[in-house]
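Below: one structure in C-alpha coordinates.
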(Lines of atoms letter the chains of each structure in order from A and count residues from 1; the text may use other names and numbers.)
(Lines give C-alpha, C1' and ligand atoms only; values in the text may rest on other atoms or scores of the structure.)
Protein backbone atom coordinates (compact mmCIF):
# COMPACT_ATOMS: atom_id res chain seq x y z
CA UNK A 1 0.00 0.00 0.00
CA UNK A 2 1.43 3.38 -0.96
CA UNK A 3 2.38 5.86 1.75
CA UNK A 4 -0.08 8.68 1.22
CA UNK A 5 -2.38 10.14 3.85
CA UNK A 6 -6.11 9.70 3.23
CA UNK A 7 -6.99 13.02 4.87
CA UNK A 8 -4.47 14.87 2.70
CA UNK A 9 -5.84 13.20 -0.44
CA UNK A 10 -9.33 14.59 0.29
CA UNK A 11 -7.87 17.87 1.61
CA UNK A 12 -9.66 17.62 4.96
CA UNK A 13 -8.68 17.51 8.64
CA UNK A 14 -8.74 14.48 10.92
CA UNK A 15 -11.70 15.95 12.80
CA UNK A 16 -13.89 16.28 9.69
CA UNK A 17 -17.41 14.88 9.99
CA UNK A 18 -19.09 12.55 7.48
CA UNK A 19 -20.81 15.35 5.58
CA UNK A 20 -17.50 17.18 5.10
CA UNK A 21 -15.85 13.94 3.94
CA UNK A 22 -18.65 13.31 1.45
CA UNK A 23 -18.46 16.84 0.02
CA UNK A 24 -14.69 16.63 -0.28
CA UNK A 25 -14.94 13.26 -2.01
CA UNK A 26 -17.42 14.55 -4.57
CA UNK A 27 -15.27 17.58 -5.29
CA UNK A 28 -12.07 15.58 -5.74
CA UNK A 29 -13.75 12.74 -7.66
CA UNK A 30 -15.18 15.18 -10.18
CA UNK A 31 -11.84 16.96 -10.46
CA UNK A 32 -9.90 13.79 -11.32
CA UNK A 33 -12.60 11.75 -13.06
CA UNK A 34 -11.27 10.01 -16.22
CA UNK A 35 -14.07 11.48 -18.35
CA UNK A 36 -12.78 14.95 -17.50
CA UNK A 37 -9.14 13.95 -17.88
CA UNK A 38 -8.88 11.60 -20.89
CA UNK A 39 -5.48 9.91 -21.36
CA UNK A 40 -4.17 11.54 -18.15
CA UNK A 41 -2.48 8.75 -16.18
CA UNK A 42 -1.72 11.02 -13.21
CA UNK A 43 -5.38 12.04 -12.91
CA UNK A 44 -6.45 8.40 -13.18
CA UNK A 45 -4.08 7.43 -10.36
CA UNK A 46 -5.26 10.33 -8.22
CA UNK A 47 -8.87 9.31 -8.90
CA UNK A 48 -8.10 5.84 -7.53
CA UNK A 49 -6.50 7.38 -4.44
CA UNK A 50 -9.53 9.60 -3.85
CA UNK A 51 -11.82 6.56 -3.97
CA UNK A 52 -9.52 4.56 -1.71
CA UNK A 53 -9.48 7.42 0.81
CA UNK A 54 -13.25 7.74 0.74
CA UNK A 55 -13.74 3.98 1.03
CA UNK A 56 -11.85 4.10 4.35
CA UNK A 57 -12.90 7.45 5.83
CA UNK A 58 -16.61 7.03 5.05
CA UNK A 59 -16.68 3.72 6.92
CA UNK A 60 -16.68 4.27 10.71
CA UNK A 61 -14.92 1.02 11.57
CA UNK A 62 -12.24 1.36 8.86
CA UNK A 63 -11.66 5.01 9.80
CA UNK A 64 -11.30 4.10 13.48
CA UNK A 65 -8.71 1.43 12.67
CA UNK A 66 -6.86 3.78 10.28
CA UNK A 67 -6.77 6.60 12.87
CA UNK A 68 -5.54 4.28 15.61
CA UNK A 69 -3.37 1.73 13.83
CA UNK A 70 -2.58 3.27 10.45
CA UNK A 71 -2.51 1.42 7.14
CA UNK A 72 -0.83 -1.61 8.68
CA UNK A 73 -3.94 -2.19 10.74
CA UNK A 74 -6.12 -1.95 7.63
CA UNK A 75 -3.89 -4.40 5.76
CA UNK A 76 -4.13 -6.92 8.58
CA UNK A 77 -7.92 -6.61 8.47
CA UNK A 78 -7.92 -7.58 4.79
CA UNK A 79 -8.19 -4.10 3.23
CA UNK A 80 -5.89 -3.80 0.21
CA UNK A 81 -6.58 -0.35 -1.12
CA UNK A 82 -8.79 0.72 -4.01
CA UNK A 83 -11.27 -2.07 -4.57
CA UNK A 84 -10.94 -2.05 -8.34
CA UNK A 85 -14.55 -1.19 -9.06
CA UNK A 86 -15.18 -0.08 -12.62
CA UNK A 87 -16.17 3.51 -13.28
CA UNK A 88 -19.85 2.66 -13.66
CA UNK A 89 -19.83 1.75 -9.97
CA UNK A 90 -18.21 5.08 -9.18
CA UNK A 91 -20.96 6.87 -11.09
CA UNK A 92 -23.38 5.21 -8.71
CA UNK A 93 -21.65 6.98 -5.81
CA UNK A 94 -21.79 10.25 -7.72
CA UNK A 95 -25.37 9.88 -8.91
CA UNK A 96 -26.73 12.75 -6.86
CA UNK A 97 -24.19 15.10 -8.44
CA UNK A 98 -25.28 14.28 -11.99
CA UNK A 99 -28.93 14.31 -10.96
CA UNK A 100 -28.65 17.86 -9.63
CA UNK A 101 -26.78 18.97 -12.74
CA UNK A 102 -28.83 17.24 -15.45
CA UNK A 103 -32.15 16.26 -13.89
CA UNK A 104 -33.52 13.12 -12.31
CA UNK A 105 -33.83 11.19 -15.57
CA UNK A 106 -30.12 11.06 -16.34
CA UNK A 107 -30.06 7.40 -15.35
CA UNK A 108 -29.59 7.65 -11.58
CA UNK A 109 -33.14 8.20 -10.29
CA UNK A 110 -35.09 5.68 -8.25
CA UNK A 111 -38.76 5.04 -8.96
CA UNK A 112 -41.41 5.27 -6.31
CA UNK A 113 -42.65 1.71 -5.86
CA UNK A 114 -46.42 1.34 -5.91
CA UNK A 115 -47.24 4.31 -8.15
CA UNK A 116 -49.24 6.12 -5.45
CA UNK A 117 -48.67 9.28 -3.44
CA UNK A 118 -46.19 7.53 -1.16
CA UNK A 119 -43.62 4.78 -1.35
CA UNK A 120 -44.75 1.34 -0.21
CA UNK A 121 -41.30 0.44 1.10
CA UNK A 122 -40.35 2.05 4.42
CA UNK A 123 -37.15 2.39 6.44
CA UNK A 124 -36.83 2.52 10.24
CA UNK A 125 -33.72 2.82 12.37
CA UNK A 126 -32.65 0.38 15.08
CA UNK A 127 -29.82 0.98 17.57
CA UNK A 128 -27.90 -2.02 18.89
CA UNK A 129 -25.18 -2.36 21.48
CA UNK A 130 -21.85 -3.83 20.41
CA UNK A 131 -22.67 -7.11 22.17
CA UNK A 132 -26.17 -7.36 20.66
CA UNK A 133 -24.71 -7.02 17.17
CA UNK A 134 -21.90 -9.51 17.75
CA UNK A 135 -24.00 -12.28 19.29
CA UNK A 136 -27.45 -11.52 17.87
CA UNK A 137 -30.62 -10.79 19.84
CA UNK A 138 -34.38 -10.31 19.61
CA UNK A 139 -35.87 -6.81 19.38
CA UNK A 140 -39.38 -5.42 19.62
CA UNK A 141 -40.14 -3.17 16.65
CA UNK A 142 -42.76 -0.44 16.97
CA UNK A 143 -43.77 0.37 13.42
CA UNK A 144 -45.86 3.31 12.17
CA UNK A 145 -46.91 2.74 8.56
CA UNK A 146 -49.10 4.44 5.98
CA UNK A 147 -52.46 3.17 4.73
CA UNK A 148 -54.61 4.75 2.03
CA UNK A 149 -56.97 7.45 3.33
CA UNK A 150 -60.43 5.91 3.75
CA UNK A 151 -62.17 9.07 2.47
CA UNK A 152 -60.22 9.78 -0.74
CA UNK A 153 -58.94 6.22 -1.37
CA UNK A 154 -55.36 7.43 -1.40
CA UNK A 155 -55.79 10.12 -4.06
CA UNK A 156 -55.49 13.11 -1.72
CA UNK A 157 -58.44 14.74 -3.52
CA UNK A 158 -61.84 15.54 -2.06
CA UNK A 159 -64.20 12.70 -2.96
CA UNK A 160 -61.32 11.03 -4.83
CA UNK A 161 -61.83 13.34 -7.81
CA UNK A 162 -58.67 14.04 -9.82
CA UNK A 163 -58.08 16.22 -12.88
CA UNK A 164 -55.45 15.80 -15.57
CA UNK A 165 -52.46 17.99 -14.71
CA UNK A 166 -52.41 21.03 -16.99
CA UNK A 167 -48.66 21.59 -16.75
CA UNK A 168 -47.55 18.15 -17.99
CA UNK A 169 -50.70 17.05 -19.83
CA UNK A 170 -50.94 13.93 -17.67
CA UNK A 171 -47.43 12.66 -18.52
CA UNK A 172 -45.92 13.35 -15.10
CA UNK A 173 -42.86 14.94 -16.69
CA UNK A 174 -41.93 18.34 -18.06
CA UNK A 175 -39.03 19.06 -20.40
CA UNK A 176 -36.31 21.69 -20.35
CA UNK A 177 -33.54 22.60 -22.77
CA UNK A 178 -29.89 23.26 -21.95
CA UNK A 179 -28.09 24.30 -25.11
CA UNK A 180 -28.77 21.65 -27.74
CA UNK A 181 -29.87 19.00 -25.21
CA UNK A 182 -33.35 18.33 -23.80
CA UNK A 183 -33.86 16.85 -20.33
CA UNK A 184 -36.96 15.45 -18.64
CA UNK A 185 -37.86 16.38 -15.06
CA UNK A 186 -40.60 15.30 -12.71
CA UNK A 187 -43.53 17.68 -12.99
CA UNK A 188 -43.39 19.97 -9.92
CA UNK A 189 -47.17 20.50 -9.96
CA UNK A 190 -48.42 16.90 -9.81
CA UNK A 191 -45.16 15.38 -8.47
CA UNK A 192 -45.06 12.94 -11.39
CA UNK A 193 -48.61 11.61 -10.92
CA UNK A 194 -50.04 13.15 -14.10
CA UNK A 195 -53.13 14.11 -12.12
CA UNK A 196 -53.81 16.72 -9.47
CA UNK A 197 -56.60 17.56 -7.06
CA UNK A 198 -58.69 20.66 -7.58
CA UNK A 199 -59.62 20.42 -3.90
CA UNK A 200 -57.72 18.57 -1.15
CA UNK A 201 -59.25 15.82 0.96
CA UNK A 202 -60.24 17.29 4.33
CA UNK A 203 -59.35 14.13 6.27
CA UNK A 204 -55.77 13.55 5.06
CA UNK A 205 -55.08 17.19 4.02
CA UNK A 206 -54.12 16.00 0.53
CA UNK A 207 -51.45 13.52 1.64
CA UNK A 208 -53.51 10.51 0.56
CA UNK A 209 -52.71 8.44 3.66
CA UNK A 210 -53.46 7.78 7.31
CA UNK A 211 -51.09 6.35 9.91
CA UNK A 212 -51.52 2.92 11.45
CA UNK A 213 -49.31 1.28 14.09
CA UNK A 214 -48.16 -2.20 15.00
CA UNK A 215 -45.53 -3.99 17.10
CA UNK A 216 -43.71 -7.24 16.36
CA UNK A 217 -40.55 -9.09 17.35
CA UNK A 218 -37.55 -9.40 15.04
CA UNK A 219 -34.61 -11.80 15.34
CA UNK A 220 -31.34 -9.93 14.83
CA UNK A 221 -28.76 -12.31 13.29
CA UNK A 222 -25.37 -12.88 14.88
CA UNK A 223 -22.64 -10.73 13.34
CA UNK A 224 -24.78 -7.92 11.96
CA UNK A 225 -22.79 -4.73 11.43
CA UNK A 226 -23.32 -1.00 11.53
CA UNK A 227 -24.99 0.18 8.32
CA UNK A 228 -26.54 -3.22 7.49
CA UNK A 229 -30.23 -3.45 6.63
CA UNK A 230 -32.73 -6.16 7.50
CA UNK A 231 -35.65 -6.65 5.08
CA UNK A 232 -39.02 -7.60 6.59
CA UNK A 233 -41.44 -8.51 3.81
CA UNK A 234 -45.01 -7.24 3.99
CA UNK A 235 -44.41 -4.81 6.87
CA UNK A 236 -44.14 -1.60 4.83
CA UNK A 237 -46.81 0.90 3.80
CA UNK A 238 -50.13 -0.29 2.31
CA UNK A 239 -51.62 0.76 -1.02
CA UNK A 240 -55.32 1.41 -1.65
CA UNK A 241 -55.89 -2.33 -2.16
CA UNK A 242 -54.25 -3.23 1.15
CA UNK A 243 -51.09 -4.73 -0.33
CA UNK A 244 -48.06 -3.80 1.74
CA UNK A 245 -44.50 -3.11 0.75
CA UNK A 246 -41.38 -4.11 2.66
CA UNK A 247 -39.92 -2.69 5.85
CA UNK A 248 -36.17 -2.13 5.93
CA UNK A 249 -34.51 -1.92 9.34
CA UNK A 250 -31.36 0.22 9.18
CA UNK A 251 -29.01 -1.00 11.90
CA UNK A 252 -26.80 1.34 13.93
CA UNK A 253 -24.26 -0.32 16.24
CA UNK A 254 -22.68 1.46 19.21
CA UNK A 255 -18.90 1.38 19.63
CA UNK A 256 -17.32 -0.67 22.40
CA UNK A 257 -15.01 0.80 25.02
CA UNK A 258 -12.27 -1.78 24.47
CA UNK A 259 -12.89 -3.55 21.17
CA UNK A 260 -12.66 -2.03 17.69
CA UNK A 261 -14.56 -3.82 14.94
CA UNK A 262 -13.73 -4.01 11.24
CA UNK A 263 -16.09 -6.37 9.47
CA UNK A 264 -15.60 -9.78 11.09
CA UNK A 265 -12.24 -8.82 12.65
CA UNK A 266 -11.87 -7.34 16.14
CA UNK A 267 -8.95 -5.33 17.52
CA UNK A 268 -7.85 -4.66 21.07
CA UNK A 269 -4.93 -2.55 22.28
CA UNK A 270 -2.85 -4.24 25.00
CA UNK A 271 -0.73 -1.91 27.17
CA UNK A 272 2.49 -3.67 28.29
CA UNK A 273 5.13 -2.20 30.63
CA UNK A 274 8.57 -1.83 29.05
CA UNK A 275 10.24 -4.28 31.47
CA UNK A 276 7.80 -7.00 30.43
CA UNK A 277 8.67 -6.24 26.80
CA UNK A 278 12.38 -6.67 27.51
CA UNK A 279 11.92 -9.87 29.49
CA UNK A 280 8.93 -11.32 27.65
CA UNK A 281 5.73 -12.29 29.40
CA UNK A 282 2.41 -14.12 29.14
CA UNK A 283 -0.84 -12.25 29.71
CA UNK A 284 -4.52 -13.08 29.97
CA UNK A 285 -6.44 -10.68 27.74
CA UNK A 286 -10.21 -10.22 27.37
CA UNK A 287 -11.81 -11.50 24.17
CA UNK A 288 -15.33 -11.66 22.77
CA UNK A 289 -15.99 -15.02 24.41
CA UNK A 290 -13.90 -14.88 27.59
CA UNK A 291 -10.11 -14.83 27.88
CA UNK A 292 -7.18 -15.56 25.59
CA UNK A 293 -3.58 -16.29 26.50
CA UNK A 294 -1.18 -13.86 24.86
CA UNK A 295 2.48 -14.90 24.80
CA UNK A 296 4.71 -11.88 24.29
CA UNK A 297 8.30 -12.81 23.34
CA UNK A 298 11.22 -10.63 24.54
CA UNK A 299 11.85 -7.43 22.57
CA UNK A 300 8.42 -7.32 20.94
CA UNK A 301 7.99 -4.10 18.94
CA UNK A 302 5.53 -1.34 19.78
CA UNK A 303 2.29 -1.77 17.76
CA UNK A 304 3.23 -5.35 16.89
CA UNK A 305 0.09 -7.40 16.31
CA UNK A 306 -0.78 -10.93 17.45
CA UNK A 307 -3.58 -12.64 15.54
CA UNK A 308 -5.99 -15.25 16.91
CA UNK A 309 -7.83 -16.99 14.08
CA UNK A 310 -11.55 -17.81 14.44
CA UNK A 311 -11.86 -15.65 17.57
CA UNK A 312 -13.51 -12.71 15.82
CA UNK A 313 -17.11 -12.12 14.75
CA UNK A 314 -19.22 -14.57 12.78
CA UNK A 315 -20.04 -13.50 9.23
CA UNK A 316 -23.74 -12.66 9.05
CA UNK A 317 -24.17 -14.66 5.83
CA UNK A 318 -21.97 -17.70 6.47
CA UNK A 319 -20.26 -19.83 9.12
CA UNK A 320 -16.96 -17.95 8.70
CA UNK A 321 -15.58 -16.31 11.81
CA UNK A 322 -13.04 -13.50 11.69
CA UNK A 323 -9.82 -12.80 13.56
CA UNK A 324 -9.12 -11.33 16.98
CA UNK A 325 -6.09 -9.03 16.79
CA UNK A 326 -4.16 -7.86 19.87
CA UNK A 327 -1.89 -4.86 19.25
CA UNK A 328 0.89 -4.08 21.71
CA UNK A 329 1.29 -0.63 23.22
CA UNK A 330 4.55 -0.27 25.15
CA UNK A 331 4.20 1.90 28.25
CA UNK A 332 6.91 3.63 30.28
CA UNK A 333 6.95 5.06 33.81
CA UNK A 334 6.10 8.78 33.82
CA UNK A 335 8.93 9.36 36.34
CA UNK A 336 11.46 7.40 38.41
CA UNK A 337 12.21 7.68 42.11
CA UNK A 338 15.80 7.71 43.32
CA UNK A 339 15.99 3.96 43.84
CA UNK A 340 14.48 3.17 40.43
CA UNK A 341 16.82 5.60 38.72
CA UNK A 342 19.86 4.08 40.40
CA UNK A 343 18.78 0.57 39.39
CA UNK A 344 18.16 1.70 35.80
CA UNK A 345 21.58 3.36 35.57
CA UNK A 346 23.22 0.24 36.97
CA UNK A 347 21.38 -1.90 34.43
CA UNK A 348 22.50 0.37 31.59
CA UNK A 349 26.13 0.22 32.75
CA UNK A 350 25.96 -3.58 32.82
CA UNK A 351 25.35 -3.64 29.07
CA UNK A 352 28.50 -1.67 28.32
CA UNK A 353 28.83 -0.61 24.69
CA UNK A 354 25.53 -2.36 23.86
CA UNK A 355 23.68 0.40 25.71
CA UNK A 356 25.15 3.00 23.33
CA UNK A 357 24.41 1.60 19.84
CA UNK A 358 24.45 5.06 18.32
CA UNK A 359 28.19 5.42 18.90
CA UNK A 360 29.25 2.90 16.26
CA UNK A 361 26.84 4.41 13.74
CA UNK A 362 27.95 7.98 14.43
CA UNK A 363 31.67 7.12 14.47
CA UNK A 364 31.36 5.56 11.02
CA UNK A 365 29.47 8.62 9.81
CA UNK A 366 32.04 11.01 11.30
CA UNK A 367 34.85 9.07 9.63
CA UNK A 368 33.18 9.33 6.21
CA UNK A 369 32.61 13.08 6.67
CA UNK A 370 36.22 13.68 7.69
CA UNK A 371 37.49 11.69 4.71
CA UNK A 372 35.26 13.64 2.36
CA UNK A 373 36.38 17.00 3.82
CA UNK A 374 40.04 15.98 3.68
CA UNK A 375 39.72 14.89 0.04
CA UNK A 376 38.00 18.12 -1.06
CA UNK A 377 40.41 20.27 0.95
CA UNK A 378 43.34 18.58 -0.81
CA UNK A 379 41.74 19.12 -4.23
CA UNK A 380 41.24 22.82 -3.46
CA UNK A 381 44.92 23.20 -2.56
CA UNK A 382 46.01 21.44 -5.76
CA UNK A 383 43.78 23.80 -7.78
CA UNK A 384 45.33 26.95 -6.27
CA UNK A 385 48.94 25.91 -7.05
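Keep in mind that glycine also has a Cβ here, set from the backbone N, Cα and C atoms.
Marked as domain 'J' by Swiss-Prot: 5-70. For 136-213, the entry in Swiss-Prot reads zinc finger, with the evidence type sequence analysis. Under the heading Zn(2+) 1 binding site, Swiss-Prot lists 149, 152, 201, 204. Swiss-Prot lists 149-156, 165-172, 187-194, 201-208 with the feature repeat 'CXXCXGXG motif'. The Zn(2+) 2 binding site feature in Swiss-Prot is assigned to 165, 168, 187, 190; the stated evidence is sequence analysis.
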So, taking each listed stretch (149-156, 165-172, 187-194) in turn and counting its Cβ pairs to the repeat 'CXXCXGXG motif' (201-208) that are under 8 angstroms, which one gives the highest count?
149-156
Check the Cα-Cα distances from residue 201 (Zn(2+) 1 binding site) to the binding-site residues 165, 168, 187 and tell me which is shortest.
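Closest candidate to residue 201 (Zn(2+) 1 binding site), judged by Cα separation, is 165.
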With the Zn(2+) 1 site defined by 149, 152, 201, 204, which remaining residues of that chain have Cβ atoms positioned within 8 Å of the Cβ centroid?
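Those within range, site residues removed, are 150, 151, 153, 154, 155, 156, 157, 200, 202, 203, 205, 206, 207, 208, 209, 210.
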Using all protein chains shown, find which of the binding-site residues 149, 152, 187, 190, 201 scores highest when you count other CB atoms within 10 A of its CB.
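Answer returned by the neighbour count: 152.
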Across the whole of the domain 'J' (5-70), what does the mean pLDDT come to? Round it, please.
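Averaged over the domain 'J' (5-70), per-residue pLDDT gives 86.
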Of the binding-site residues 149, 152, 204, which one sits closest to residue 165 (Zn(2+) 2 binding site) when you measure Cα to Cα?
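Result for residue 165 (Zn(2+) 2 binding site): the nearest of the binding-site residues is 152.
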Residue list, the repeat 'CXXCXGXG motif' (165-172) vs rest of chain: Cβ under 8 Å, 6 or more residues beyond ends.
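Hits for the repeat 'CXXCXGXG motif' (165-172): 186-190, 192-196.
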